[in-house]
Amino acid sequence: MKKIFSARSFSSIIVNFMIKAVSEKYNIIMMTIIYSLSLLSRFLFTYVFLWALFTAGSNGFKLFLLTIAYSLSSLATFALVRVRTARALYPFTSLLLLINLPYLRLFTTALLMGMLSVHTSSVIPGLVSKERLGRVNSERVIMGSLGDLMGIVMALFIKPTWLYIAIPLYLLALLLPRFEYRRSERLIFSEARLIYLNSFLLGIAYSLTPALMVMWSRGNTYELALIYSAPPISSIISGFLGRRLLKLGRELIIAIASTVVMAATTGLMGVVGNPVIAWTLALTRWFFMAMFGIAITTFIQLRWRSDVLPGVFSTSTVVGEAGRFTGAFLVLPLTSMIVQWAFTTAALITLTAALVLLPYKLNTK
């Protein structure tokens, strides 16, 4: 009996070890795919976005169209995430890149980026432990920021006429795990009301950013490119710091504090003309913007169940884009303001977005 028991115990240990080894390798492969898609989607979006921004210049109507194209992509993300075959839509959607229309390409790259963001954010909690969520989200930001840097360099020197080459790369998305989706819209809308309000206000503030940057640079392409080199660099820094700072329980505090600093630096950018100082402020602003994104994503992943996450993330995205859409109608009056007042307006909206998250913190005490 002892020999039989020992043999069974030994075989059980071997089987468990093999299952664990296979599971770990599977998770490693999935995370590699997620990181690769983060880099790809952000690279293509930044590339197409900046090219469209350079083309628009300081033309208020073209900036308005650019903002509308981005907003519509999030509305499409909200709808497509709720389709059972959402995972299969990536390669088909990417075919729109073949059409040489700047705003359609912007819509397509933004849509693919948004869908992949919701998808990966929803499945990651099933691939890693709670303790590693902050670290993994930080690493996603690092990879996405590297993609942004690549996109900035490409946008300065190469026209986006080769995008069809990237289409086959989206086939990687077919390998991602399926995400669960609870089809109770009432629950999803009631679960995270303050998150949605925060997203709406930040959406307004973010939609004003391209116009603000163009106003500051007075339409100078190289100064504009200099300012837009700050987001990926600051995101890489925040990604590395986020791996250390984002411990369990700190997510909400970091999210609120980051938004307050974003508001302060936005206001200060309106009163400086020196490119070096402005770049430093932009670096600080986008550093805390990236830190906010990492922190709020981790907070949502920890607070709600996996079957609710796709609904919460996609709803937050579409509400944020409703804010961007609202902000699009502020672009024309904003460009008629003096630079200082335009930046102050965006700063006050950002500060309000920070304050609406405070009840979550008060309720945890």
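Yeah, the Cβs are placed from backbone N, Cα and C, and that goes for glycine too.
What you see is a predicted model, and the numbers here were worked out from it, not measured in a lab.
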Annotated transmembrane segment segment (source TrEMBL; candidates 60-81, 82-103): 60-81
Select from 152-171, 252-271 the stretch of residues annotated by TrEMBL as transmembrane segment. 252-271
Recorded stretch, among 28-54, 277-300, 338-360, maximising Cβ pairs under 8 Å relative to the transmembrane segment (252-271): 338-360
Against which stretches of its own chain does the transmembrane segment (277-300) lie, if we need a Cβ under 8 Å and a gap of at least six residues from its ends? 121, 133-134, 137-138, 141, 145, 192, 195, 198, 216, 226-227, 229-231, 233-235, 237-239, 241-242, 245-246, 250-252, 254-255, 257-259, 261-262, 265-266, 268-269, 309, 312-313, 316, 360
